[in-house]
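Read the structure below first, then the notes.
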Amino acid sequence: MRSNRTTSVTEFLFSGFPKFEDGGVLFFIPLFFIYIFIVIGNLIVFFAVRMDARLHNPMYNFISIFSFLEIWYTTATIPKMLSNLISKQRTISMIGCLLQMYFFHSLGNSEGILLTTMAIDRYVAICNPLRYPTIMTPRLCAQLSAGSCIFGFLVLLPEIAWISTLPFCGPNQIHQIFCDFEPVLRLACTDTSMILVEDVVHAVAIIFSVLVIAISYIRIITVILRIPSGEGRQKAFSTCAAHLGVFLMFYGSVSLMYLRFSATFPPILDTAIALMFAVLAPFFNPIIYSLRNKDMKIAIKKLLCSQRMLSTSTS
């Protein structure tokens, strides 16, 4: 907050939300149901993979880890969004803001690395099918999953620690619906040229991941098109369609948000882009993985039927 004299900011005010009096509750209801769907949908995908022995392979293991991360990725921001929509204060403490940035972006980094790993997994499975079982062993699969999460959380620690040392003594209004690097850094009472450095670092990481996934899928599509039978091509494409759809949604929205450098968008467009990658992409992911995959649909039906039988036997 700010007083007549220059004092340290102890909390931030979100200005990207409609006020409660202006119909904030109307946005609360759909966002609340979207969040519930994201949590339940990803939990179903996670447990369906874990409880069906036929899905105990690298591809579905990566999908289950991704679904688990999605739950916490959305939990880092949406509950606070819901609170702000029905609250008149719409504030967050300095520590709360730093923690939100850390967990949201750490989980997002872990998901991005996992998506890159999934692309490489599909590349090996389709382009080197005979060597796939010896390359993607259960041990390597577990190491890649754990490494994605560990690296995703460790790589942001220096950045968050640095931001925590910056002086914040001026305006405390964040023009966004959650704490993010650029809106927060613009409030620091120091040289704002560091924002460009932040943008470059994030851009390099995003472009590198996109290039790895794009090159993998260019190679995959080339190999699939050489398959002589139409049925074989369709089966090969179906194993990659879900991952490709999630990749396009995730990195498409992230690129809109973080690959614009000094370009500025109208506040309403900024909010729409933030909602796209923080809310809508996680909302569609369990739908894509369950509807585009026959084995997954069977596993989900088995999971739901077993839960229904369990509840009827106990009652």
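Glycine residues also receive a Cβ, built from the backbone N, Cα and C atoms like all the rest.
For 41-289, the entry in TrEMBL reads domain 'G-protein coupled receptors family 1 profile'. If you look up TrEMBL, you'll see 25-48, 60-82, 102-120, 140-163, 200-225, 237-259, 271-291 marked as transmembrane segment.
Sequence-distant neighbours of the transmembrane segment (237-259) (same chain, 6+ residues past either end, Cβ-Cβ under 8 Å): 59, 63, 66, 108, 111-112, 115, 118-119, 122, 125-126, 199, 202-203, 206-207, 209-210, 213, 217, 220, 224, 273-274, 276-277, 280-281, 284-285, 288-289, 292-294. With pairs at least 6 apart in sequence, the transmembrane segment (25-48) and the transmembrane segment (102-120) have fewer than 3 Cβ pairs within the 8 Å limit; the two do not touch. Counting only same-chain residues 6+ beyond the ends of the transmembrane segment (25-48), those with a CB under 8 A from a CB of the stretch are 17-18, 55, 63-64, 67-68, 70-71, 74-75, 78-79, 81-82, 85-86, 279, 282-283, 285-287, 289-290, 296, 299-300, 302-304. Note on the domain 'G-protein coupled receptors family 1 profile' (41-289): its mean pLDDT in the predicted model is 86. Outside the transmembrane segment (140-163) by six or more residues, the chain places 58, 61-62, 65, 69, 98, 101-102, 105-114, 117, 181, 184-185, 188, 198 with a CB less than 8 A from a CB of the stretch. Panel annotation: around the transmembrane segment (200-225), residues 109, 112-113, 115-116, 119-120, 122-123, 126-127, 181, 233, 236-237, 240, 244, 247, 251, 254-255, 258-259, 261 of the same chain, lying at least six beyond its termini, place a Cβ under 8 Å from a Cβ of the stretch.
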